[in-house]
Ligand SMILES: NC(=O)c1ccc[n+]([C@@H]2O[C@H](COP(=O)([O-])OP(=O)(O)OC[C@H]3O[C@@H](n4cnc5c(N)ncnc54)[C@H](OP(=O)(O)O)[C@@H]3O)[C@@H](O)[C@H]2O)c1
């Protein structure tokens, strides 16, 4: 797993650094990507606006899936961004997809300061597997439920002392773990805020406080099962044993 900024490369108009994952000379993974799971709940036109805003502020990593219904609109949105001159070419964008119920995604895991996955990160680092985080801000919660990331007193205290937002502290912590992440927002200013995490860092004291946050997982094993059996296995659900 690459360490923060180890590749140092950013695409022409993006300030988002990339992790060098896989064989040398392979494609870099931009540290922050736009998730598109909410595309299916938004009108297509509204989603196009969000996608264009993300590309304009500097996102070059887009996560799609057939189950999100976002693949076609992302393809069209990227082509539109090239026509508008926001992108020089389609090649600038790192696009991922996945096929529900048929694939295992051991490198895409729930990861944030309230679900730190220390054992999994160590395992992946040892095996050279690049990790991408989902729910970096704890994910979307019903209004009646408290999001433990965004409402963490520890993160709030660090954010206030640093003049950053709670979201930025969470995203920066993930970046410092050597993982890239997929976040999403319908708001341009938040999309921008979420990539303004690369020119400052957490202190040792901040990291220590975050390491002591009580752990809480959002996605349970039941939610990754499909009617026909196990559809996708997270390494966090599997005990790593010495051979
Ligand atoms: N198993 C899987 O493979 C899997 C599972 C889940 C997700 N994913 C991927 O990961 C992507 C990310 O989804 P997620 O829900 O996990 O993302 P997240 O970043 O943890 O949460 C997104 C939520 O946070 C809010 N938000 C974003 N920026 C904010 C900020 N600066 N301040 C306050 N609130 C902020 C957004 O609301 P607003 O829109 O109101 O800003 C949105 O409701 C998905 O779209 C999908 O591509 C993959």
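One is the number of the first residue shown, and numbering goes on along the chain from there.
Cβ atoms here come from the backbone N, Cα and C positions, even for glycine.
According to TrEMBL, the feature region 'Disordered' maps to 1-27. Residues or ranges marked as compositional bias 'Low complexity' in TrEMBL: 1-14. Taken from TrEMBL, the feature domain 'NADP-dependent oxidoreductase' applies to 32-101, 109-210. Among the features that TrEMBL reports, active site, proton donor is placed at 68. The site 'Lowers pKa of active site Tyr' annotation in TrEMBL covers 98.
In this structure the alpha carbons, written CA, of the residue listed as 'active site, proton donor' and residue 98 (site 'Lowers pKa of active site Tyr') are 10 Å apart. Residue counts for the domain 'NADP-dependent oxidoreductase' (109-210) under DSSP, helix first, then strand, then coil, are 44 helix, 11 strand, 47 coil. Its own atom aside, the Cβ of residue 68 (active site, proton donor) has 20 Cβ atoms within 10 angstroms in the protein chains shown.
Here the Cβ of residue 98 (site 'Lowers pKa of active site Tyr') has 16 other Cβ atoms within 10 Å, regardless of which shown protein chain they belong to.
On the 0 to 100 pLDDT scale, the domain 'NADP-dependent oxidoreductase' (32-101) averages 93 in the predicted structure.
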